[in-house]
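Engineer: Before we start, here is the structure in question, set down as structure tokens.
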Amino acid sequence: MVKKIGVLTSGGDAPGMNAAVRGVVRTALTQGLEVFGIHDGYLGLVEDRIEKLERHSVSDMINRGGTFLGSARFPEFKEVAVREKAIANLKKHDIDALIVIGGDGSYMGAKKLTEMGYPCIGLPGTIDNDIAGTDYTIGYLTALNTVIDAIDRLRDTSSSHQRISIVEVMGRHCGDLTLMAAIAGGCEYVITPETGLNKEALIQNIQDGIAKGKKHAIIAITELMTDVNALAKEIEAETGRETRATVLGHIQRGGQPGAFDRILASRMGNYGVKLLVEGHGGRCVGIQNEQLVHHDIIDAIENMRRPEKLELYKVAEELF
């Protein structure tokens, strides 16, 4: 029977992580459990930076961006000896189970602990929206609005100067953030890991647009696909139209979470605790068709695939 639980945030921060921690803490206390916060993710777990949390510990946190528990990249957690030390620290505090809030790397850590017999629940916290088994991740829609706001501002200046603007969006190997921002921001071109980058076709499309009287254009592209500044120089050289690249970077992770992410994070935090109370471990939480669901975390990482957004790419193509 679970009496004490731990909670940590790991990997890249995402708006709504604090709301998720709050959901975990408040629900755990309501259920008569003790709850412990672990600072700086798996690194803090190994270094035993663990403190007991009370209701007041999460007061005024629901509207705050980032994560008050802190986060850190910690690749050494892949090592068995390191994970054994983490479990020893959890047992030292008599913590029976752990809730991990983060992205795919964080899930992998939870999976490894699960395989070692320690019960974990994963909550999807990442702006990339790249986690299988859920329609939305915590922080994604807030980041989407941040990107759209930036695109709107770029359009103002691009149209004033008859300029082509390239905007680089986060997402790593997932194009969801770029695709949705491109549709909502009215971008002329969208380039994601799912579409690939065809420079010749892109330049030809831009030239065709100029020939038809197009005065400016915005290209949305997912990070890590190419050097966007070099791409801007190529486009300018081929089209004769001034072209500039803007890398949005970490601004996409910051800011107050929107209403959707606050509610989603609160629901997921609440649900994660209840799963542990009911005796479930080794699960990850998602939302599908507006309903909270849970999956085997090992199966989610190894076998589940995110559905392709073919219809939305078709919409984007027809609107551009």
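Indices start at 1 and increase along the chain as displayed.
Glycine is no exception: its Cβ is also placed from the backbone N, Cα and C atoms.
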Engineer: Per Swiss-Prot, what member of Gly6, Gly12, Gly171 joins Arg73, Phe74, Gly103, Asp104, Gly105, Ser106 in binding ATP at one site?
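Structural biologist: Checking Gly6, Gly12, Gly171 against Swiss-Prot: the ATP site match is Gly12.
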Engineer: Considering the substrate binding residues Thr126, Ile127, Asp128, Arg163, Met170, Gly171, Arg172, Arg244, His250, Ile251, Gln252, Arg253 given in Swiss-Prot, which of Glu188, Glu194, Glu223 is annotated for that site as well?
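Structural biologist: When Swiss-Prot describes the substrate site, the candidate it includes is Glu223.
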Engineer: In Swiss-Prot, Arg22, Gly23, Val24, Val25, Arg26, Gly186, Cys187, Glu188, Lys212, Lys214, Lys215, His216 are given as binding ADP, so which of Arg49, Arg155 is in that site too?
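Structural biologist: Same ADP site in Swiss-Prot: Arg155.
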Engineer: Given a 10 Å Cβ-Cβ cut-off, pick out the one of the binding-site residues Arg22, Arg73 that has the most other Cβ atoms nearby.
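Structural biologist: Highest number of other Cβ atoms within 10 Å: Arg22.
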Engineer: Cα distance, Lys214 (ADP binding site) to Arg244 (substrate binding site), nearest Å?
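Structural biologist: Roughly 17 Å, rounded to the nearest whole number.
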Engineer: Based on Cα distances to Val24 (ADP binding site), point out the closest of the recorded positions Phe74, Asp104, Thr126, Asp128, Arg172.
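Structural biologist: Given the candidates Phe74, Asp104, Thr126, Asp128, Arg172, the nearest one is Thr126.
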Engineer: Of the recorded positions listed here (Asp128, Met170, Arg172, Ile251, Arg253), which is spatially closest to Glu188 (ADP binding site) when Cα positions are compared?
Structural biologist: Met170
Engineer: When the Cα-Cα distance from Arg26 (ADP binding site) is computed for each of the binding-site residues Arg73, Gly103, Arg172, which gives the smallest value?
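Structural biologist: Closest candidate to Arg26 (ADP binding site), judged by Cα separation, is Gly103.
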Engineer: Just to verify a number: CA distance, Arg73 (ATP binding site) to Thr126 (substrate binding site), in angstrom, no decimals.
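Structural biologist: It is 14 Å, counting Cα to Cα.
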